[in-house]
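These features come from TrEMBL:
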DOMAIN    26-145  domain 'Amidase'
DOMAIN    167-283  domain 'Amidase'
Amino acid sequence: MLGRTLREVSEALKQGLVTPTELCQRCLSLIKKTKILNAYITVSEEVALKQAEESEKRYKKGHSLGDLDGIPVAVKDNFSTAGIETTCASNMLKGYVPPYNATVVQKLLDQGALLMGKTNLDEFAMGSGSTDGIFGPVKNPWSYSKQYREKRKQKSHGENEDSHWLITGGSSGGSAAAVSAFTCFAALGSDTGGSTRNPAAHCGVVGLKPSYGLVSRHGLIPLVNSMDVPGILTRCVDDAAIVLGILAGHDPKDSTTIQDPVKPFTLPSLTDMSKLCIGIPKVSLFTKVLSSQIQSTDLGNRLVGFEALLCHFY
């Protein structure tokens, strides 16, 4: 069940195939088993189980709050969470417990989502590896995959296996690792210059930075006010679209959010792959790192090279 999409899990909850408490307990169990990843700074077990209990009551009455009701999520530890410590992975905020929720956090809770905990990051989101916070580095779940371990065994000679873990990217590495390790179905990150997309790529999940102003920054402890955007991490694109639809919209507490009503997000159905065109930039550095599998893929005339647009100032 933990490997299902948000739509599939939501439907399973409505049909009674699984309960919010069961989902919550499975995720909590995985959080404990994957503690070595250091993905979480705070695990809000009691809060999550209480929320699961309330969600279960709603489902029994047939009154679901929305697509995320009873579904475990995680939140990067630079978003304010009422009653739960928010540290930004810094000694400066250690022990700080906000009296309010960030708007995006509140929107998730209004949908009935279960808050599993606060995820690790680079201190104040300033970094790209999730290695520079006071709680230690986040380790990529793929470091402990069978494929990677076997590859390391071939190269290592009596070295400590745990010394060869992979980074998650950052600064939202904890959220990316949490989603990748199946400890939650979706997580909030923040993105200033790639801090959601970068760790998503490292951990093999979907990372979305919404357009500036589409999602409220209220309650997000800033790195760069004019560039910060709450990010979304999920395991498939459709899940990211669902979460974006919940989070997007005007917030009177954030004057930079859009004023116009937001239309529901729907993904186009691309069933005819012959209409898909893929662009590969003709840059020497890029072509050197392009995998042989992609280079040798038979896509007919649908693999199109293009020159990178470079601006020169004299």
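Backbone N, Cα and C atoms are what each Cβ position is placed from, and that goes for glycine too.
Automated prediction, rather than curation, is the source of TrEMBL annotations.
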### Query
With DSSP helix as H/G/I and strand as E/B, how many residues of the domain 'Amidase' (26-145) fall in helix, strand and coil?
46 helix, 19 strand, 55 coil
### Summary
Per DSSP, the domain 'Amidase' (167-283) contains 29 helix, 25 strand, 63 coil
